[in-house]
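> Quick one: the structure is below, and I'll ask about it shortly.
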Ligand SMILES: O=c1[nH]c(=O)c2[nH]c(=O)[nH]c2[nH]1
């Protein structure tokens, strides 16, 4: 039976681009997920295998990074309009461009001197709690926590001086983005009986310590930042003896714009979602015994 080609489109889906704009020490970020679908005179590639009219999807991805550098990202709409106009006007075979953009909102982390380059992603976190008790007053275990608290520093992060073996390719860096999703559980000392504890206030303070330590730490590794975050909680909260932190390193790689004759002075990043480094540790009050589960992934 003869066949005909129906509706078709192609392009690069989900290019994750982060654009940093610096006004001295004050940084601004736009964080987009851009999906491009192009259509037009594409019969030949489907039916005859001729690529003569095909602009590679890889090129469409590169265009996203190059435009982020050259024009900045004033808004999702403006950026998408510019891309759509470019593809349709530059390539004869492309008649229609559909650009979809998701934008992730970030707020500045308040309350620290370093907040000008420190951000927390809007509306992501979940507060968690786990209580166990077997009738014996000594057995109370109250854990409070959070997951999905996504934070970013656009400077004050370095990573160098690490072990290099024959498989190491990572370049050393003196200025990188440090971003992570904070997943944490902390254990309250003592019993929850007696004077009614104000759990909500305790949660807000602890969350505040985590954010302030993330923003305020000049980081030589995510491990160092983790320890600073945990220590701040235990130091500042006498009622918390232990905190377990699980921090995925949300890597942001500088987009290589040299092939297009553009420099990239820490302005345009590719936000990779996987694989990711996973940095996990417990921070304890000296003398306390570790009791928070090591693996937080399947907890509430
Ligand atoms: O902060 C970091 N810690 C690491 O252990 C590590 N490993 C890596 O490749 N990048 C990073 N970054």
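Just so you know, glycine gets a Cβ as well, placed from its N, Cα and C.
Here TrEMBL flags 12, 57, 251 as active site, charge relay system. According to TrEMBL, the feature O2 binding site maps to 57, 249. Annotation source TrEMBL lists 5-hydroxyisourate binding site at 57, 159, 176, 223, 249. According to TrEMBL, the urate binding site annotation covers 57, 58, 159, 176, 223, 249.
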> Please give me the CB contact count at 10 A for residue 12 (active site, charge relay system), counting all chains in the structure.
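A 10 Å sphere around the Cβ of residue 12 (active site, charge relay system) contains 19 other Cβ atoms.
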> Helix, strand or coil by DSSP: which one applies to residue 251 (active site, charge relay system)?
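DSSP call for residue 251 (active site, charge relay system): coil, neither helix nor strand.
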> For the C-alpha pair, I'd like the distance in angstrom between residue 12 (active site, charge relay system) and residue 58 (urate binding site), rounded off.
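Residue 58 (urate binding site) has its Cα 7 Å from the Cα of residue 12 (active site, charge relay system).
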> Rounded to a whole number, how many Å is the Cα of residue 159 (5-hydroxyisourate binding site) away from the Cα of residue 57 (O2 binding site)?
32
> List the Cα distance (Å, whole number) between residue 251 (active site, charge relay system) and residue 176 (5-hydroxyisourate binding site).
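Checking the Cα atoms of residue 251 (active site, charge relay system) and residue 176 (5-hydroxyisourate binding site) gives a distance of 9 Å.
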> Across all chains shown, how many C-beta atoms besides its own are within 10 angstroms of the C-beta of residue 223 (5-hydroxyisourate binding site)?
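Around residue 223 (5-hydroxyisourate binding site), other Cβ atoms within 10 Å: 15.
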> Do you know which of the recorded positions 12, 57, 58, 159, 176 end up with C-beta under 6 Å from ligand 1?
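From 12, 57, 58, 159, 176, counting a Cβ under 6 Å from ligand 1 as near, the near ones are 159.
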> Any idea what the Cα distance is from residue 249 (O2 binding site) over to residue 176 (5-hydroxyisourate binding site), rounded to a whole Å?
12
> Rounded to a whole angstrom, what is the C-alpha distance between residue 176 (5-hydroxyisourate binding site) and residue 57 (O2 binding site)?
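Cα of residue 176 (5-hydroxyisourate binding site) to Cα of residue 57 (O2 binding site) measures 28 Å after rounding.
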> CB neighbours of residue 159 (5-hydroxyisourate binding site) within 10 A?
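That number is 18.
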> Near residue 58 (urate binding site), which residues of its own chain have a C-beta under 8 A away, given they sit six or more steps off in sequence?
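The list for residue 58 (urate binding site) reads 12, given in order along the sequence.
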> Could you list the residues of the same chain, at least six apart in sequence, whose Cβ is under 8 A from the Cβ of residue 57 (O2 binding site)?
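Correct list: 10, 11, 12, 36.
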